[in-house]
Structure formats: structure tokens, C-alpha cells
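Novice: Take this structure, written in C-alpha cells, and hold onto it; I'll ask about it next.
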Amino acid sequence: MLPTSSKGRTADNHVRPNQALPQYLRRIVKWQQMDIEYTFWQMLHLCTSPKVVYQHTKYHKQTKNQWARDDPAFVVICILLLAVSTLAYCAAYDHSVGHAVFVVISVLLLHFLIAGAVLATCCWFLTNTYLREEAPNSHVVEQRVELLYAFDVHCNSFFPMFAVLYVIHYFLSPLLVAHGFFPVLLSNLLCMMAASYYHYLNFLGYDVLPFLERTTFFLYPIGIVIILSPILILSGFNPSRYFMNMYFS
């Protein structure tokens, strides 16, 4: 009886994420079903106390029996905020409406959706293949990282990076694109801080899952960022000027 029961529960654990995705996509076009207030609460706390957000993720698992969000409000609001900030850059630095539309679409697709899908898929594959704990016996329900949850983790990690590299950067951009050592220093420090915090939140997102081990692996990129930043500063590379020239030159 025990193996039969465990097998049924394991199958249910695999089926639920597949059933949740169509419902998730349907709710994108139903604004009234989205919890906007809770989404903004999450965004604020991801910047100030992210562990609180992932504590609520545990509660979500207990009540909904899945780690991933069933509400697409976070993704929708991220896309809207990213579109508004990109339009602000275009209004300040672009002189062509057609090119501005191209920039907005490319940023939404490349910077957020495509990059997010690729990173989430890589983390999903990595965690399920190499970081899951071995089940102590055959009667324990097998747990796996949901692909939608991996994308949630990316979105959570992306938002504070967006606040630094799109919002704060916008107001500092006249200084950051100037010539001289101080703009180079400040631009690299902003990028270092944003990238490091992104990987820290990525670590928190997977560390909260009780069936994963060695999640400190997700902190290793922070060391690479810290090592590369002085090299880029001393070489005179200005990431702000580089990307502004790439889109608006």
C-alpha cells in the first residue's frame, strides 16, 4: 500500500505544474483577478528585506501545493514598468519614433523575457539535475523545481536590478556617460551592486526549497563580479556609455 500511495502522490506532484501554466496564462488577460497590492508589497520587500518574500513563498506552497506563483501580476507589472522606463530613455536620448519602438520591444524581449527564460531554464535544469537531495527511501515523495518557479526567481531577482540599472541610472545618466574616471567608477559600482544583488536573490530563491542542497553555488557569480569590476574600472571601461551608445548612438 505505501509504495502505491507514494507513486500516486509523486505523479500528482508532476502534473500540477503542467496544469497550472494554462491557468497562469489565462489570468494575464484578466486584470481584475490579479493581486496588484500584494505584488507591489513583494517588489518593495525584494529591495529591502527579500527573506520576508521567500518566507511567504513557503506559505504559498502550504496553501496552493506549488512553489510558483499562480498570479501573473508580478510579470505584467515588471513589463509595464520596464516599458515606461525605456520610453523615458527614448524621450531623453532618441530622436526617432520608429527607433524608439524598436528599442522598447528589444528591451522587453531581450532584457526581460528571452534572457529570463534562458536563465530560468538553465537554473531549472541545474537544480533538478545536480542540486536535489537524494531521497532517503522510496516512500518519500519526489520533489522537483518547477520551471515556472525558476522564472519567478528570475523575476524577483530582476526587479531590484531594474530599479538600479533603469530607474536610478536614468537620473544619473548625464553624469554616468561623461568622460573621466569618476563616471567610470560610479557606472561600474552601480553595475556591480545590481549584478551582485541579482545573484544574491537568486540564491535566496533556491535556498528556500528544502529538497535542494549546495545552493551556495548561486553565490559564486558574485565573486566573479567583484573580481572583474576593478579590472574594468582600471581599464577605463564605462558600461553606461557603452550601452547608451549601443541603443542611442
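Just so it is clear, glycine is given a Cβ too, placed from its N, Cα and C backbone atoms.
Just so you know, TrEMBL annotations never went through curation; they're auto-generated.
According to TrEMBL, the transmembrane segment annotation covers 73-93, 100-127, 175-198, 218-237.
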Novice: Who are the chain neighbours of the transmembrane segment (73-93) in space, where the CB to CB distance is under 8 Å and they lie at least 6 residues beyond its ends?
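Specialist: Here the qualifying positions are 28, 34-36, 38-40, 42-43, 99-100, 103-104, 107-108, 111-113, 152, 155-156, 158-159, 162, 166-167, 170, 173, 244, 247-248.
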Novice: When you scan the chain for residues with a C-beta under 8 Å from the transmembrane segment (218-237), skipping those not six or more beyond its ends, what do you find?
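Specialist: Hits for the transmembrane segment (218-237): 123, 181, 184-185, 188-189, 191-192, 195-196, 199-200, 202-203, 206-207.
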